[in-house]
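Visitor: Input: one structure, supplied below.
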Amino acid sequence: RSERRGNAGCTLLAAVDIQPACLGLYCGRTVLSVNGSVETYGDCGVCPRGQRTDDNKICRECVGSPDRYDWLYLGFMAMLPLVLHWFFIEWYSGKKSSSALLQHITALFECSIAAIVTLLVSDPVGSLHIRSCKVKKLSDWYTMLYNPSPDYITTVHCTHEAVYPLYTIVFIYYAFCLVLMMLLRPLLVKKIACGLGKSDRFKSIYAALYFFPILTVLQAVGGGLLYYAFPYIILVLSLVTLAVYMSASEVESFKDLLVRKKRLVVLFSHWLLHAYGIISISKLDKLEQDLPLLALVPAPALFYLLTAKYTEPSRILSEGGNGH
């Protein structure tokens, strides 16, 4: 019996040894069949959609769920077209137009419906939950850069979505946003945008036809970089845009904020973005340590209001002139 076991072990060892190695960082073998605890594998190559390689170079189905940071990232990518919609609607609506609010609401409706439909058509279909693979490192977003060339002549193409579905779900969402915008917004603008000229009333829609391709390219090229950097991007942009808006609106005191309700809406919107950035950085892993950080949200606006009167250009020039 010992001889038979030894021979069987040698045979198994030989079978493992003659099996060619699966090269490449993201190449794997698909599971062809499962007979009890015995699995039969295919040739080394690309994993099917919805799978990624494990530590043994075997393609395994993504059965996990996005963690909190993944959902925050998807929320950030979902907010980008909405914020751009609101910006261009406000930019092209003009002071005399009363249609801006309805267009804002319509843009919010479009993006919300697009997000819900995107989740419903994702696997598992018909559910707001999605299954995903865990993001381990930056290279998971750029598997096309890690296709091996064993003989330096032929390339084994193993490009697949290792971060399924965080990469492609954004493109699906943008497609639904664009379709819904083209179906709803022109009819709305044509009926209610009476305060604008014929050439101006559709400019916010034309702007969307420009920034959606830009967002698509941004996700295709820099999706992995955005995944790791988006909390800091939110914080920086919220601070810069708030300072620019207050400066352009000549807000120098709390009284100036209360004059127009629109300024308060803009202020609270920036505060929400700032809080979103802080939550994305901290991930709220330790509530007793992370929640107090939200108290810093009003700090930039308060600092601006308290120091605005000391940085007024006319005052600086007048004092400089008197001193001279």
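Cβ atoms are placed via backbone N, Cα and C, with glycine included.
Remember, TrEMBL labels are computer predictions, not curated facts.
Positions annotated as transmembrane segment by TrEMBL: 71-89, 164-184, 205-226, 232-251, 263-279, 291-308.
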Visitor: The transmembrane segment (232-251): which same-chain residues, six or more beyond its ends, come within Cβ distance under 8 Å?
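Guide: Same-chain residues near the transmembrane segment (232-251) but 6 or more away: 76, 226, 257, 263, 266-267, 270, 273-274, 276-278, 280-281, 300-301, 304-305, 308.
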Visitor: Please give the sequence-distant neighbours of the transmembrane segment (205-226): residues at least 6 beyond its ends with Cβ less than 8 Å from one of its Cβ atoms.
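Guide: Answer is 73, 76-77, 80-81, 84-85, 88, 91-92, 138, 140-142, 163, 166-167, 170-171, 174, 177-178, 181-182, 185-186, 189, 233.
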